[in-house]
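Each remark here refers to the structure printed beneath this line.
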Amino acid sequence: MKTPIELKILDSRIGSEFPLPAYATPGSAGMDLRAMIDTTLTIAPGETVLIPTGIAIHVADQGLAAVILPRSGLGHKHGIVLGNLVGLIDSDYQGPLMVSCWNRSDSPFALEIGDRLAQLVFVPVVQAQFKLVDEFDSSDRGEGGFGHSGTK
């Protein structure tokens, strides 16, 4: 299923030097976002920086949202993860997409112009309406949490 999402190019290198975000394979869930920086950026150990992607989107459909997620290789191999862990893009947001990058490793990391640094995934949204109750109906789990089911 393909849903049209409005995209605005904010950096002219997108679509010329670097491709528009796209799915790498038919089974891909996310589209790569690139670091649209002007020069190589070294992220020091423990440092967090905000990186422009060169695009803005408008999801518009209130039944959808977008999430910005880390790329697994950057986190596992280099310790580069998202500073906010997950970026949530509401359907009515129309501003630039930025990626908060946190270097949780002990080594500096050089981010190059156009590097793929995160992925954009669209997800369905359900807006809940709370129903106040005095007690919950019982369940097998009850209030058990934080490892209550064990590790094996």
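Cβ atoms here come from the backbone N, Cα and C positions, even for glycine.
Owing to the predicted nature of the structure, the values given are computational and were not obtained by experimental measurement.
Per Swiss-Prot, these features apply:
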- ARG71, SER72, GLY73, ASN84, LEU88, ILE89, ASP90, MET98: substrate binding site (BINDING)
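Here the features listed in Swiss-Prot are placed on the structure.
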residue	record	contacts (Cβ under 8 Å, 6+ apart)
ARG71	substrate binding site	ASP32, ARG116, LEU117, ALA118, GLN119
SER72	substrate binding site	none
GLY73	substrate binding site	none
ASN84	substrate binding site	SER100
LEU88	substrate binding site	ALA65, ALA66, VAL67, ILE68
ILE89	substrate binding site	ILE57, VAL59, ALA65, ALA66, VAL67, ILE68, LEU97, LEU120
ASP90	substrate binding site	VAL59, ALA65
MET98	substrate binding site	LEU50, ILE51, PRO52, THR53
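When every Cα pair among ARG71, SER72, GLY73, ASN84, LEU88, ILE89, ASP90, MET98 is compared, the largest distance found for this substrate site is 26 Å. DSSP gives ASN84 (substrate binding site) a coil state; it is part of no helix or strand.
According to its DSSP assignment, MET98 (substrate binding site) is in a strand.
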